[in-house]
Amino acid sequence: MPLPRPIRIAINGYGRIGRCLLRAIYEPPRRQEFDVVVINEPATIATMAYLTRFDSTHGVFPAQIEHNEHELIVGGKAIRVLHETDPKSIDWAALDLDMLIECSGAFGSRAQLQQFLDAGCPRVLVSNPGNSAQDVDFTAVLGINHELLQGDERIVSNASCTTNAIIPVLAELDKTFGIRHAFLSTLHSVMNDQPMIDGYHSSDLARTRSALQSMIPVSTGLATGVERLLPQLKGKVQAKSIRVPILNVSAIDLMVNLERDTSRDEINQLFQKAAQQWPGILDYSDQAHASIDFNHNPHSAVVDGSQTRTNGDGLVNMLVWFDNEWGFSNRMLDIACVWAARFLRQP
């Protein structure tokens, strides 16, 4: 749905997702739906400019990057930069925003997110699931429930990269076969809450270990996230996650027990067809792949048909690839557009 004007946004937190958001706006074909007004990030503006221009994962930025004392200049467009850690210290109302996109990961509770609203932000789109479903007004996953956005929400979550990846796959399986039980094992690339060499972590002993040297089991809320979006699967899904020492791209090893028997060919044909029905969200490939093949892939998920297995008794094993940075960042922008199409037309 075309927008009546560009969405005036702020990016709060300019780490991996924040920078990918900006890149996704400026990569050809440029997303004209967005006007980035301000970025709030504690780092120095010189460092922000450097990390914007040169990215070890996604390459050189597709537009000229400059900066001055108070602005990041992207393709000739000046974006104001703030360095506040307390959202209440910024007069967000004075910036005339439509939406703040929260990418720092530091705000998960309703009380924390409410600080942005109290300081003048009209709306907040969150790049995490929130601490619980009650901490946000709506959790949106493109292709699943985005059409239910009304426009009067104040805090919307885009769930997580892993949830966006697995929900379309589970939805197709449940609709076609019915799901008795599912077990999800995520092999997730390293994240910035892991030390390069052994070091302290505030809550997880396993994450004190070097991200470079080991595969590291970590906790995950994926099963809860699935139940939030697909409540009919409540109590049927379990999940675990292992961080693996690669820079980007993750995979989900899905083991699912279906209500009826099926075959490898039937499963793969289902997802070949689904890829046509979910353009830009779900893709399918049956080529021989390594994870690097999916770096900078904008889909939420790519089903790898070469790895589909069945045992003739309703038990199916599948492999689903996803770029946990780039795919999720593109979904954030997609959801922002869907939401804005609602609220920009309201009186």
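Yeah, the Cβs are placed from backbone N, Cα and C, and that goes for glycine too.
So that you can see what the record holds, here are the features copied from TrEMBL:
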DOMAIN    7-161  domain 'Glyceraldehyde 3-phosphate dehydrogenase NAD(P) binding'
BINDING   R16, I17, S127, N324  NAD(+) binding site
ACT_SITE  C161  active site, nucleophile
SITE      H188  site 'Activates thiol group during catalysis'
Inter-residue C-alpha distance, C161 (active site, nucleophile) and N324 (NAD(+) binding site) (nearest angstrom): 5
From R16, I17, S127: binding-site residues whose CA lies within 10 A of H188 (site 'Activates thiol group during catalysis'): none
Longest CA-CA distance among R16, I17, S127, N324, per record bound to NAD(+), angstrom: 12
Residues flanking the NAD(+) site, with Cβ no more than 8 Å from the Cβ centroid of R16, I17, S127, N324 and excluding those residues themselves: G15, G18, C20, C103, C161, E325, F328, S329
Residues that sit under 8 angstroms from R16 (NAD(+) binding site) by C-beta distance, when 6+ apart in the chain: M191, N192, E325
Under 8 Å by Cβ from I17 (NAD(+) binding site), counting only residues of that chain that are 6 or more apart: C103, S127, E325, F328, S329, M332
Nonlocal neighbours by CB distance (under 8 Å) for N324 (NAD(+) binding site), same chain, sequence gap 6 or more: C161, T162, A165, H188, S189, N248, V249, S250
